[in-house]
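Per TrEMBL, these features apply:
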type: COMPBIAS; residues: 169-186; note: compositional bias 'Low complexity'
type: COMPBIAS; residues: 254-265; note: compositional bias 'Pro residues'
type: REGION; residues: 156-186; note: region 'Disordered'
type: REGION; residues: 250-272; note: region 'Disordered'
type: REPEAT; residues: 270-304; note: repeat 'WD'
type: REPEAT; residues: 313-349; note: repeat 'WD'
type: REPEAT; residues: 357-398; note: repeat 'WD'
type: REPEAT; residues: 399-440; note: repeat 'WD'
Amino acid sequence: MQSTLQELILRDQLATNSNSTVSPYSILNSNPESFATEFNLIVCFVKDSNKREELSSLLFPIFLHLSVFLSVSNPSLLREFSAQHSHNFSHKQLELLSQLPDISADLAAYTQHKYSVKLSNCAFTHLETFLTSHPDSCIHLPLQANIHIQVGSKECEEARKPQKRMSKSRSNISPSKRVSSSNSSLESIRGCVTQLSSLSPSPSVLHISLSATPSLPHSAEISFTKSLILSGHADGSLLVSPFSLPTSQLYPPDLSPSHPPPPPDTTRHLRGHSSPVYSVSISLSADWVISGSGDGTCRLWNLKDSGDCIAEYVGHQSPVWSVCLPKQIDSGYFASSSQDGTARLWSTELLYPLRIFSGHCSGVNCVDLHPNCVYLATGGQDGSCRLWNSQDGACVRLLTGGRSAVTCLSFSPDGKLVATGCQEGVVRVWNIAESKVIREFRASERIISKVDFSSDSNSISAISHDKTLRLFDLSNSQINSPYLTVSTGRNMPIYCCFRKVNLCALISIENVLL
């Protein structure tokens, strides 16, 4: 015989002195009217966090389980809750949620299945900070009872150890023993929950097209705050344009629409270099920009206030091909690489380099800082990738295997991998600890100009001079072909990045023939 909602709540209250895992019914004792407010708190926390790409993967499962319990306890509040927060999720997610059967009598069977989410150690620490500062939030209960979080290489069954106040609501009664369900309804619920647990929104590509006039763009970047597009041009100028990524997946991958350009009067022009700007890098806060130019200098620009050049760093004897600021912290350091065969580490507060890294046999095409800022990687025209210790300047890894120049590289967000793109059109993913290639993709027959990891390190993007963006799946070792290919037509791609787990931004130049 199926149990009613009142019986479920009563059994949960009778089990309050147990010391087993958190009961999935504890949330039924919470105030449903607080769900919208408390869910809005975690939405704001995720959007303000520099780990928003990872933490955003928690929002849908939390929304899902709060919706489930509202459907049981207060259907009228469910409609209000859904209307207020459904804009945060993709159409596919909401469509699948709407297909859930009536579970008011099968709540126990439903809660046996957990939604799986992967987080890095750093993102998990951010989540812990939020939960500690909100010990009474109803968000604790779905995270503990209904969501399976894998942290780094270890699996964690709960998002945080239960607070003392929650220990009274634990129960040693298995959910499967509380309610007996009809087989057909149970199988229907299991099928939907399995789909929800494995659901990953279809990857989308946002294609942004830059005009080649009045001056040809050589480099571009989108800020981590998703508020600016910065481009470096052949006349030595930089253009800063306001921008915002869509909050949901607005476009299917096959359309790849161009983002409408901002009004002309909102674009700022930064002038100072005397030669083309080959590389730009925006700080995490979008307050500062570093540029590298063919005039052999790097410049620091203040975007927060005036947009003025506040420092010029001189030292390279040839064009600066690449500059980079840290991707996860605003540390006050940046790195540069040049045709003079060196890479350099700088402090924004000093006009001379802190370290000079010399070892490549010819020019150094690209440089990237490790997430911990202790190491940096360089890719050279000699075909090698080198990993350097920034504290003593020593080369600690030499990665060789290609026959052509390394043209671009990028560290994974967890710092365990580095991806390199080369002149012969091959993308290689290296395990840094073992100094060996773990994946190799034949992306193109032409030069790879940019590679980037998704925030969960499961996907990698690559653009090439055949005017194509390709996305590769790193989680499936059996598939080496791209799972998404987008042509830019007559436009030449110059930049790609993941600014959301399943949204890749692509910047190209209009009508460039190469």
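Using N, Cα and C of the backbone, Cβ positions are placed for all residues, glycine too.
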Intrachain neighbours beyond the repeat 'WD' (399-440), with Cβ under 8 angstroms and 6 or more residues off its ends: 120, 152, 327-328, 365-372, 377-387, 446-453, 455-457, 460, 462, 464, 472, 474, 477, 480
Long-range neighbours of the repeat 'WD' (313-349), counting only residues six or more past its ends (CB under 8 A): 50, 122, 224, 275, 278-285, 288, 290-300, 355-358, 360-369, 371, 373, 376, 378, 380, 388, 390, 411, 413
Distal contacts, the repeat 'WD' (357-398) - CB-CB under 8 A, six or more residues away: 318, 321-329, 331, 333-345, 404-411, 413-415, 418, 420, 422, 430, 432, 435
Averaged pLDDT, computed only over the residues in the repeat 'WD' (313-349): 91
Residue counts (helix, strand, coil, in that order) that DSSP gives for the repeat 'WD' (399-440): 0 helix, 24 strand, 18 coil
